[in-house]
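Notes follow once the structure below has been shown.
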Amino acid sequence: MAENGESGGPPRPSRGSSAAQGPASAPAEPKIIKVTVKTPKEKEEFAVPENSSVQQFKEAISKRFKSQTDQLVLIFAGKILKDQDTLIQHGIHDGLTVHLVIKSQNRPQGQSTQPSNAAGTNTTSASTPRSNSTPISTNSNPFGLGSLGGLAGLSSLGLSSTNFSELQNQMQQQLLSSPEMMIQIMENPFVQSMLSNPDLMRQLIMANPQMQQLIQRNPEISHLLNNPDIMRQTLEIARNPAMMQEMMRNQDLALSNLESIPGGYNALRRMYTDIQEPMLNAAQEQFGGNPFASVGSSSSSGEGTQPSRTENRDPLPNPWAPPPATQSSATTSTTTSSGSGSGSSSSNATGNTVAAANYVASIFSTPGMQSLLQQITENPQLIQNMLSAPYMRSMMQSLSQNPDLAAQMMLNSPVFTANPQLQEQMRPQLPAFLQQMQNPDTLSAMSNPRAMQALMQIQQGLQTLATEAPGLIPSFTPGVGVGVLGTAIGPVGPVTPIGPIGPIVPFTPIGPIGPIGPTGPAAGPPGSTGSGAPPGPTVSSSAPSETTSPTSESGPNQQFIQQMVQALAGANPPQLPSPEVRFQQQLEQLNAMGFLNREANLQALIATGGDINAAIERLLGSQPS
Amino acid sequence: MEPPNLYPVKLYVYDLSKGLARRLSPIMLGKQLEGIWHTSIVVHKDEFFFGSGGISSCPPGGTLLGPPDSVVDVGSTEVTEEIFLEYLSSLGESLFRGEAYNLFEHNCNTFSNEVAQFLTGRKIPSYITDLPSEVLSTPFGQALRPFLDSIQIQPPGGSTVGRPNGQS
């Protein structure tokens, strides 16, 4: 009776949720298996019936991952699971991991994958990785010199100022041909770091169109450039001026030996015209646009030194021996009659580029320098232009920020090399200098031509003072005068007309401008001690007054200058005795000579600072009789 | 229904030491290592690898390392390029960010292994994935571990894999 229920039997517990099921070889019974679903970001475990379809699986997943089923892409063993498949079909058993990719929202196709769609998307999406990979080319420069273009561009940008490019060119030529400037530049740590990177150097050199032309004509040069060993050696040589000089000396010796070989001279000359001239031209023209032109030329000369260095190791060529193997050097004229001399002479000739360049440059420097000096001094506008160049300003700024560098530069300038005393004096004053340079008042005053003229007048006056009244300041020599003036006036900054005197001296490292400061005679303005104006006499009048006041004689130069400055800027100092008293003696002399106009005499004496002869001339000039 | 396309998946194996490891490892480590392996997965005609800059891709053999020292066939996959790139983007944002790079624990080979499993279900050869533990089991490796930990390898020549925008 009640066996009805029995036939049904208790429900089999196969549907119970049990973790570990039996062996997977129970196809008929839907066991629950645990499948891990792994996305790139997370991992979740799902318990699903073994025989479920992928569609069902996805539905379970979409709930957990909060996405829509058509966004889910299930991948197992490299296969994409389609909705109508079953898990078993793909061999997804308990404990295995299925990968999941959730497609982003803006995808037009909703289905997981269909072959036709896949093919379609493949072609279109194939282009995307291509475009992803095309930027590789720009990134793939292994040395990361992509920024070099910027650097080289910057250098040319900073130099090509449209205002006075010619002047700049000249200036640079003069600067860079002067060996001392070379040394200074070489010692600049920035330049050194540039030099020590052969790839950088190569890029810089190659970037120069002149060099490119040269390279086209002489392919061996490109070999030299591309050989990292040679480049490195070249740069070493360029960096070390002593080594370079040594090199050149050896070359000159060898060269002079070669000259004596019959036919050797002709060969040499041919070498020069074929190789050295274009190289020289290339090097010279580089100066205008390339701040590292010195490096460029020295590098190209270094290339020349390279073959000659190897040549030097061999014994000098034996003219009676069969011709030695021709060295690979940058020579085009191999057709020389004197075969024996040509091989070695060619390499030596190119090696002599350095010597030739220097010779020529040094010849240039003298007349060029002079004319440049003249130009500058006669035209204060030039100075103004120069100062306003961004290049200059940045240089000033960097100088002031790097006091050691500035010290080095200034102290190595030719002006100071002659006078070590001055160097010593200058050294402690340098920081004050640089401070002043930063002062915008200074800059504006410096660019004011009239201010410059006034400064020059004062300097002239000081010099005349020094010559005429040397007893005034114990250590006041003409050369030192300006330096002293500069240093002394520095601290008295607020006095506007005098303040800017200081920065004149920092110009000295900039070769052509240098002599403006100390060499008054080069300057045009006819400033004499008395500028003809009433404040003028106070200069000279204060000078003799200083002789009377003991403080100035015994005190340091600074005090003297300070007092002078005060005298100039402030009211007339009361301690000045009247000119009449001072020039009493001279007045009497003039009277005796017949110049009866006391006022005129006095004025003349004041103007000439007590010089009777000059006063007489003035009086005669003013009096028609 | 046409059968789905199958795309071959290859593993490019590079020896970063260019043979030095094979020669010097007995001396330095006390055990023989055949190389310092860097791997990448090549699929859909692109090479994908993981470095200190994240997941990168390039044309096959397009890194500075040049052509691979050996190529291992991992299998084939149905995963389309689109899905694969989607997957890579997610990976790159989660598990394989550039800063997650660690020479021993989470390096290029880790990535290659992960991707290979995703694409084909198979792992990459064990001699590659066992390399860090091999090195660390030597006293030399242990001693150098702090230094080596800080090494970040990023072969130049690849571009970072990003999320495709509006890809059709």
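The count begins at 1 with the first shown residue.
Here the Cβ of each residue, glycine as well, is placed from N, Cα and C on the backbone.
In TrEMBL, annotation is done automatically, which means it is predicted and not curated.
Annotation comment: TrEMBL describes A:1-32, A:106-141, A:287-350, A:512-557 as region 'Disordered'. Per TrEMBL, compositional bias 'Low complexity' is recorded for A:14-32, A:116-141, A:294-304, A:326-350, A:519-556. The feature domain 'Ubiquitin-like' is assigned by TrEMBL to A:33-107. What TrEMBL records for A:106-115 is compositional bias 'Polar residues'. Annotation comment: TrEMBL describes A:316-325 as compositional bias 'Pro residues'. The annotation domain 'UBA' is assigned in TrEMBL to A:582-622.
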Inset, instruction - Go ahead and report the DSSP secondary structure tallies for the domain 'Ubiquitin-like' (A:33-107): helix first, then strand, then coil. - result: 19 helix, 28 strand, 28 coil
Inset, instruction - Express the predicted model's confidence over the domain 'Ubiquitin-like' (A:33-107) as a mean pLDDT, rounded to an integer. - result: 84
Inset, instruction - Go ahead and report the DSSP secondary structure tallies for the domain 'UBA' (A:582-622): helix first, then strand, then coil. - result: 33 helix, 0 strand, 8 coil
